[in-house]
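Undergrad: One structure is given below, represented as C-alpha cells, and several questions about it will come after.
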C-alpha cells in the first residue's frame, strides 16, 4: 500500500512530502522532553518580548547597543516560533508529516534568521569596539542612520543564500525514503533523501556556511582584539572593569552561538551520530534563544532597571543620557 507522502511514477517512487522522525528514538522520554521544551519556549518568548518592549519604551535604552539587542531578541522570537511549535507537535504525534512547501518554507526562514543573527552579533561587537576604543567619536560613528543600515544589512544578508540554495535543493529529485531523521527541515538530513549526485551542492553549501560563519566571526575577533588592547592600556582599574563588563554578555552569547552551531554545520563529516546531532542542534535552537535575554538582563543594569520600572508601573522620568560604556 502506498504512503500518501509518496507517488508511483513507473518504477520510481516520487516523494511528495516528508515525515519528521523527531525524537522517536527517545520514546520513553518524549513527555518529559515536551514539558522541558515547552517551558524553555515560554521563557524564550517572555524574555525576548520583554527586551523588545523595554528597549522600545524606556528612553534610557534608546542607544545603539540596545537597538541591536532589540533586533537580536526579535530574531530569537521568530526563529523559535519557526522551529519549536513543530518540535512540540512531533513529540505528541507518532508521525509528523510535512509537505514539500512547508519544509521549504521552514528551511528558508531558518537560513535567513541564522545568517541574520551571525551578522548582527558582528555588528554588536563593532558597537562595543567603537564605544571602548573611540568613545569621543561614538555618537558620531554610531549614529541612527549608521545603526539602521547595519541592522538592515544583517536582516537581508541571508536572502540570497536562502533563496538560491533552497530553490536548488528542492528542485533535485527525491525518490524515497521520505523520512527526515531530524525534528525540523535542515539541509543535511533533507539532502540525504536526494537520489542524485549532490557533491557540488554539498561543496558549495559548505563554502557558503564557512563564509557566513567566518566573516562575522573574523569581524568579532578583530573587534575584541582591539577592545582587549584598549582595555589593557587604560589607567583606571574601574575603567577596565566597566569596559569589560559591557562586553561580557555579548561574549557569552557569541560563544554559545558559534560553539553549538559550529559543531553541527562546520563538521559535516563528524563522528557525531544523527541522534547526537539532534541534541546539539536542540541546544542552539531551544536553549540558546532562552539564555540570551537572561544573560543580557543579568549583565546590564539598564535592562534590570527597565524591568523594575515596568513591573512597578512607574512613570518614566527624564534621565541623563547613557554613556557608550554603560550596560
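Glycine is treated like the rest: Cβ placed from N, Cα and C.
Automatic, uncurated: that is what TrEMBL annotation is.
Look at TrEMBL and you will find 47-296 tagged as domain 'G-protein coupled receptors family 1 profile'. The transmembrane segment annotation in TrEMBL covers 31-57, 69-93, 105-126, 147-170, 203-225, 246-267, 279-298.
Where in this structure would I find these features, and how exposed are they?
TA: Same-chain residues lying 6+ beyond the ends of the transmembrane segment (31-57) with a Cβ under 8 Å from its Cβ atoms: 23, 66-67, 69-70, 73-74, 76-77, 80-81, 84-85, 87-88, 91-92, 282, 286-287, 289-290, 292-294, 296-297, 303, 306-307, 310, 316.
Counting only same-chain residues 6+ beyond the ends of the transmembrane segment (69-93), those with a CB under 8 A from a CB of the stretch are 20, 22-23, 30-31, 33-34, 37-38, 41, 44-45, 47-49, 51-52, 55-56, 106, 109-110, 113-114, 116-117, 120-121, 124, 151, 154-155, 183-184, 253, 285-286, 289, 292-293, 296.
Only residues 6 or more beyond the boundaries of the transmembrane segment (105-126), in the same chain, are considered here, and those with a CB under 8 A from a CB of the stretch are 65, 68-69, 71-72, 75-76, 78-79, 82-83, 86, 98, 150-151, 153-155, 157-159, 161-163, 165-166, 169, 184-187, 190, 212-213, 215-217, 219-220, 223-224, 250, 253-254, 257, 261.
Residues 114-115, 118-119, 121-122, 125-126, 128-129, 158, 161, 165, 187, 247, 251, 254, 258, 261-262, 265-266, 268 of the same chain sit 6 or more residues outside the transmembrane segment (203-225) yet have a Cβ under 8 Å from a Cβ within it.
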Undergrad: Which whole number is the mean pLDDT over the domain 'G-protein coupled receptors family 1 profile' (47-296)?
TA: 87
